[in-house]
């Protein structure tokens, strides 16, 4: 309470002193240095310096783009000349490899043909030769037995026939004499001694004396035995027919120019030179122009922010002029109110209303007076310094971060432009000529091998296949010729099909499968051979640019967030003031005071205290304990 008495005494004192307060014009001469204007000016300076840092970063990125452009041009030049240099180095190696491949393939084919030819003779000997041998043995044994039996039987039969014929003829002669005598006797009885008309009766075998079984039967058996040699002829002719195409193929392969030496200088790929490739240069001018546009946009945004902040500072100065003018009006009102008030508490409240604008406006708005104290506590000069610094820091962060984001989002699009520029596709198209020419040459070699080499094999295998098909017909025809319509014909044909025919059918199927699948397919270069190479360098440089960009933006972001954290720290202190104010408001410190000391005569005169006698007992002042203590 003594504090309020001092304030009251002070105002009384200055009322009798000469004027030393500033007039309105004098205050307005310094209003341009108000804290709001200074804050806005500092924000403008901060935005300007940050824009300079950002533009310097963009200049560094633009220099990096120039370096990347030069590196990409060197890469394009090297990549364009690489196929020609590679051709000169590898043509001889390719020719040697193709020559070795052809030689090895030729040797393999000759060995394969020799093996097939030997296997054909081996299988024909196994199947047809074995069957012929068995058939010949069986037939020879049967014919020899039949021939020997027929000769013995014919000899015996002919001897028996001759003996029987002689005996029959002798008996017939006796019978003939008897009959003739009988006829003569009877005839003389009936003819009166005349001579009979039948002179003689001759009973004989006549030509039957020479009756014998002809020897042609044994001749036919000999012919059957000799015809068995047809199976040997069939076997030999079959082997010759089957191996004839292979022999022809062997001669063609051995004498072909296809397997001759390859001249690497005459290879089609050797004609590929630097002039064959399209000259490709990387031009990142568009990227540089984009960065320049970003710089201009950043400068434009920074200029707008600075202009806005400068305008706000001017507005703050103008507003404060009106505020100061109102303060003088409020001062007059305060002086009048102080004259009318005698209570120190009322004088103190009037003084705070004059000094604190927040309470002044709350009073004008007729806000509940119970909230005046907490507003006064939170808007004191110490609390306002904290919250203003915090808010200025937050606003500064917002403006600078907005400026950084405007550039950062646009820079991300440049990474794709550098990582996969249009020139990469042109370079790939240029280098694909080398791949196409090389693949055409390899394909031509494959066609030559398939036509000139495997064409002979196809023809030979087709002839072998056709010959195998005719074998069964020849075997059946030979069996029919040998056995004729005998009972051995059908069994022999069945045995031949089971022993030989089924194998021949399997062989023909195998040859047909080989004809369909035997194709020389030399490996070719991948179509995208240079794709990874041409894309790797732009991707690497794009990654380098991205790394530098991210590093720069992250550094700026880190700096801005440090400012934000500091500003939020000041705001946090002001929040602590809020908590402390709530504690003070709802938990006031209670204390008990004693009776006030009596004023001396001099003090009474200074404070214009009434000097009349009055009760100064402590009971009079005991009611002060119930008054609010400031």
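Backbone N, Cα and C atoms are what each Cβ position is placed from, and that goes for glycine too.
Noted in Swiss-Prot for the protein shown:
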- 158: N-linked glycosylation site (CARBOHYD)
- 202: N-linked glycosylation site (CARBOHYD)
- 236: N-linked glycosylation site (CARBOHYD)
- 252: N-linked glycosylation site (CARBOHYD)
- 279: N-linked glycosylation site (CARBOHYD)
- 465: N-linked glycosylation site (CARBOHYD)
- 476: N-linked glycosylation site (CARBOHYD)
- 1-37: topological domain 'Extracellular' (TOPO_DOM)
- 59-108: topological domain 'Cytoplasmic' (TOPO_DOM)
- 130-302: topological domain 'Extracellular' (TOPO_DOM)
- 324-376: topological domain 'Cytoplasmic' (TOPO_DOM)
- 398-566: topological domain 'Extracellular' (TOPO_DOM)
- 588-630: topological domain 'Cytoplasmic' (TOPO_DOM)
- 38-58: transmembrane segment (TRANSMEM)
- 109-129: transmembrane segment (TRANSMEM)
- 303-323: transmembrane segment (TRANSMEM)
- 377-397: transmembrane segment (TRANSMEM)
- 567-587: transmembrane segment (TRANSMEM)
**OP:** For the transmembrane segment (567-587), could you work out the same-chain residues 6 or more beyond its ends whose Cβ comes under 8 Å from its Cβ atoms?
**Re:** 373-374, 377-378, 383, 386-387, 389-394, 396-397
Original post:
Mind checking which residues reach the transmembrane segment (38-58)? Cβ under 8 Å, same chain, six or more beyond either end.
Top reply: 291, 294-295, 298-299, 301-302, 305-306, 309-310, 312-313, 316, 388, 392, 395-396, 399-400, 403-404, 407, 552-553, 556
**OP:** Enter the number of other CB atoms within 10 angstroms of the CB of residue 476 (N-linked glycosylation site).
**Re:** 16
